[in-house]
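Asks: Not my notes, these are from Swiss-Prot:
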type     : residues                                                      : note
BINDING  : Glu29, Leu58, Ser59, Glu60, Gln82, Tyr86, Ile87, Phe88, Pro89 : thiamine diphosphate binding site
BINDING  : Phe83, Ala84, Asp85, Tyr86, His129                            : substrate binding site
ACT_SITE : His129                                                        : active site, proton acceptor
Amino acid sequence: MALMTMVQALNRALDEEMAKDPRVVVLGEDVGKRGGVFLVTEGLLQKYGPDRVMDTPLSEAAIVGAALGMAAHGLRPVAEIQFADYIFPGFDQLVSQVAKLRYRSGGQFTAPLVVRMPSGGGVRGGHHHSQSPEAHFVHTAGLKVVAVSTPYDAKGLLKAAIRDEDPVVFLEPKRLYRSVKEEVPEEDYTLPIGKAALRREGKDLTLIGYGTVMPEVLQAAAELAKAGVSAEVLDLRTLMPWDYEAVMNSVAKTGRVVLVSDAPRHASFVSEVAATIAEDLLDMLLAPPIRVTGFDTPYPYAQDKLYLPTVTRILNAAKRALDY
């Protein structure tokens, strides 16, 4: 075991997979000599050379399109988009080509590639460096979507994503890149895509989150415990496919659920989860599902902390559910 930040865990995952499998290549803006804007790919160019670690032009469409071509010809590319906000010039390639290659080729071709994206707010980056666009991806059939919150999960799920036979959008909470450290195994391991993590057991209320907001979700659960409320905490980790069984079992047990995300509220991913809970567990709910999200505005520069879900907002939502 070694104490790692998320950046270090991601770097270790890439290094191990490149050493293990010569088909794994890395491409993106500044991923080579500079090691990526957040240094996730630091040292890989020096170790594996320019044929496997490739700096690209500033063109997300080219990055995603090139990754698809590489994947179709037998490689396992890991493409980096500097910020999730920048994916939209490459959105057509991702949605129209990458996500649909297996389907439209009748299974003759697959797209075993990963598109890594630093996502979410909390770094005062404004509307071009703070968005959480996961709803766009989970709405696209053919993509798997991962959103990690810990170094341990980051390493295990990135390795699983690289080995997956289908395209994976891998969302990394930039706010947690270096603010969270934990012991991470140095040996090889993977975590299953599609399985949530039970962070805390409880019986009165279920709190569900993923990615950027998990520290606040866990802090809210701790505050509720001081008030005698037993809150169960689920970290979804994977948004597509999300862990239906874990969510339904937890909410059926507690009867109350608060869903937390830093994405805008309208048509958010947690709205889909809330709707599914309401449809399938209506007769077991003691209160309606309650969402705590970002706001339906462009991401602000000056009010970054007010945009993100706070512990206070989560506690207020929990009180509503408990008092219903």
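Any Cβ shown, glycine's included, is placed from N, Cα and C.
Could you tell me the structural context for the features on the list?
Replies: Within 10 Å of the C-beta of Ile87 (thiamine diphosphate binding site) we count 24 further C-beta atoms, all protein chains included.
The Cβ of Phe83 (substrate binding site) has 19 other Cβ atoms within 10 Å, all protein chains considered.
Around the Cβ of His129 (substrate binding site), the same chain contributes Phe83, Asp85, Val123, each under 8 angstroms and 6 or more positions distant in sequence.
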Asks: What does DSSP say about Asp85 (substrate binding site): helix, strand or coil?
Replies: helix
Asks: Under 8 Å Cβ to Cβ from Tyr86 (substrate binding site), same chain, six or more residues apart: give me those in sequence order, or none if nothing qualifies.
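Replies: Once residues fewer than 6 apart are set aside, Tyr86 (substrate binding site) is near Glu60, His128.
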Asks: Counting across all protein chains present, how many other Cβ atoms fall within 10 Å of the Cβ of Ser59 (thiamine diphosphate binding site)?
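Replies: Result for Ser59 (thiamine diphosphate binding site): 13 other Cβ atoms within 10 Å.
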